[in-house]
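A.B. asks: Have a look at this one before I ask anything.
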């Protein structure tokens, strides 16, 4: 007798087929979802390296990667510089006085200061919300939706390794437009935008951007830089760069100290003066051997330059040789002496009366 076969009704066949299609659908939909997530969010390895596919937004709190903060600071300085340049070229500065310096000089503010400050502050604050940010201008506008795009420039990737530090140890100093007075006079070569990162009060990252020549210098202490010192400096008869507002005060004492051949270079902007000590590919950038400032100066003016010089083996101290701390108050009382590849302590020893003399004249 023939064996009995298993027969399926048409309805059973239909149910069986539907079950099979359901299994295939779930398998394939899971695959598509994975591919879609990869397409939208990017590869995890690429995200870790700061690839362009990572959606912008605030980074996790608790720790900060200094390499990421450097990359974001470079972008902030450039974005601020774009506003500075745009306003200056429009010739509508909306210039106004915001007060006077201790020496009685009028402090000016323009739309360039305000708009640059807004871009720089919110780019860094939105990306690193747990970091303390000090800036020259008051931020009174509504939050601007701007983030770091998480991309790290190739030169930073090549020279700087990731380094995490506690967010609470970090202070960022922003100067959205250094040399505002010169900016209003259309002396564009002196103008910079700057960002500095201090860890426990010590300057470790410096960014100095020149908006009108599209040059950006950056450096990280114990990391690397895209700028270097010049091949030689004169210690016996140095070229000394000083503020335009008190060149005469320094000139007499400097020539008494170093001789009549000493050259005094009056210039605007602390960022410009620091770059004068370095090998900068800008034809309009003057060259100096020493930078001296004899009066009170704000920390956002000098922090970035201090970090750059420190990363390159140089020094920026008070006139009596003390290190400057970038915590607490926003001002530096002890004057300023900056140098690189010279005997900095010898310079300090040669200028023991400079700070006292400056106080007598101010």
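Backbone N, Cα and C define each Cβ position, glycine as well.
Given the structure is predicted, the values throughout are model-derived calculations rather than measurements.
Dumping what TrEMBL says about this protein:
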BINDING   136, 175, 177, 178, 301  Mg(2+) binding site
A.B. asks: Neighbour count first, Cβ atoms within 10 Å, every protein chain included; then name which of 136, 175, 178, 301 tops the list of binding-site residues.
C.D. replies: 175
A.B. asks: In sequence order, what residues of the same chain, 6+ apart, have a Cβ less than 8 Å from the Cβ of residue 177 (Mg(2+) binding site)?
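C.D. replies: Looking at Cβ-Cβ distances below 8 Å from residue 177 (Mg(2+) binding site), excluding near sequence neighbours, one finds 80, 84, 110, 112, 113, 116, 117, 136, 183, 191, 193.
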A.B. asks: Specify all same-chain residues, apart from the site residues 136, 175, 177, 178, 301, whose Cβ lies within 8 angstroms of the center of the Cβ atoms of the Mg(2+) site, ordered by sequence.
C.D. replies: 174, 176, 179, 180, 192, 193, 194, 269, 270, 271, 298, 300
